[in-house]
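Below: one structure, written as structure tokens.
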Amino acid sequence: MPTSLSSTSKPPIQRVLLKLSGESFCQSGQSGLSVPEIVLIAEQIKRVVASGVQLAVVCGGGNILRGRDLDGFKQTILPATAHYMGMLATVINGLALLDTLESLGVPARLQSAIRMEGVAEPFIRRRCIRHLEKGRVVILAAGTGSPFVTTDTAAALRSREIDATLLIKATRVDGVYSSDPLKNPHAVKYSEISYQDVLRQNLGVMDAQAIHHCMEQNIPIVVLNYQKSGTIERAIAGERLGTRVSTVSELNTGNQPAS
Ligand code: UDP
């Protein structure tokens, strides 16, 4: 029987997909794994889940290997192979995050887009959603399982598949800028911007495929600096921080850069 909404209805459950790039797993400017860095992010995840939010996490792998890192060796290691190696790097990060979350008492599961039953469940959409409904963090590793795309695209695809209400891209910069703020002192930060403008201005928030997926299903993206404590929880609670990418009609102030 359909239920009607009343003023006493609880707010709808939020289902968020958090994209963690490989750099979240290591120290700034370095590669490999840094356990203290992983603990910092896991502590934030713990607080998010404790607030009742359903959370799936897509891990990047750039701290270990990106397929394009081996572009100079195409005669020896084929590009497709290099990308599979990049996907395996995301599984290493996923395993590290899984154990870290569990060490903090957070129930979690690791699902991989490449089958490897010994270390991870296969990604099965319905099972993933079931885990989320039970309050488990689901870590999604191995990207899409196909070479030549990034984990940003995987994050957008999985957001669509699991009906995420928000995609958070956690980075080390505090949002989207009109140009690289490290190179251009006049670069300005957008507090909000449309998918279309991100694509038109080629802003490099996420790759174009990822933006298109979010645009087609109207999934807002928040780009934020996860290193500022509490930013992930605050963004989920609706606070305006970082940069929000959404449809033009959702924007309140147009596409003006924020100061
Ligand atoms: N990758 C891939 N298919 C996918 C996702 C990732 O081939 O669906 C490979 C690709 O080579 C990529 C690497 O895995 O460079 C690591 O992912 P990504 O570069 O997105 O990691 P991040 O930049 O987020 O650390």
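Placement of Cβ uses the backbone N, Cα and C atoms for every residue, glycine included.
Just so you know, TrEMBL annotations never went through curation; they're auto-generated.
Note that the coordinates shown come from a computational prediction; the quantities given were computed from them, not determined experimentally.
Here TrEMBL flags Lys19, Leu20, Ser21, Gly22, Gly62, Arg66, Thr171, Tyr177, Asp180 as ATP binding site. Neighbours of Ser21 (ATP binding site), defined as other CB atoms within 10 A of its CB across all chains, total 22.
For Gly61, Thr144, Gly145, Ser146, Pro147, Phe148, Val149, Thr150, Thr151, the entry in TrEMBL reads UMP binding site. Following the DSSP three-state reduction, the secondary structure of Val149 (UMP binding site) is coil.
As annotated by TrEMBL, domain 'Aspartate/glutamate/uridylate kinase' applies to 15-225.
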Of the binding-site residues listed here (Gly61, Gly145, Pro147, Val149), which is spatially closest to Thr171 (ATP binding site) when Cα positions are compared?
Gly61
Which binding-site residues from the set Lys19, Ser21, Asp180 come within 10 angstroms of Gly61 (UMP binding site), judged by C-alpha positions?
Ser21
Cα separation, Asp180 (ATP binding site) to Pro147 (UMP binding site) (Å, whole number):
28
Under 8 Å by Cβ from Asp180 (ATP binding site), same chain, sequence gap 6 or more:
Ala187
What's the CA-CA gap between Gly62 (ATP binding site) and Gly145 (UMP binding site) in angstrom, rounded?
16
Nonlocal neighbours by CB distance (under 8 Å) for Lys19 (ATP binding site), same chain, sequence gap 6 or more:
Val57, Val58, Gly60, Thr151, Asp152, Ala155, Leu167, Ile168, Lys169, Ala170, Met206
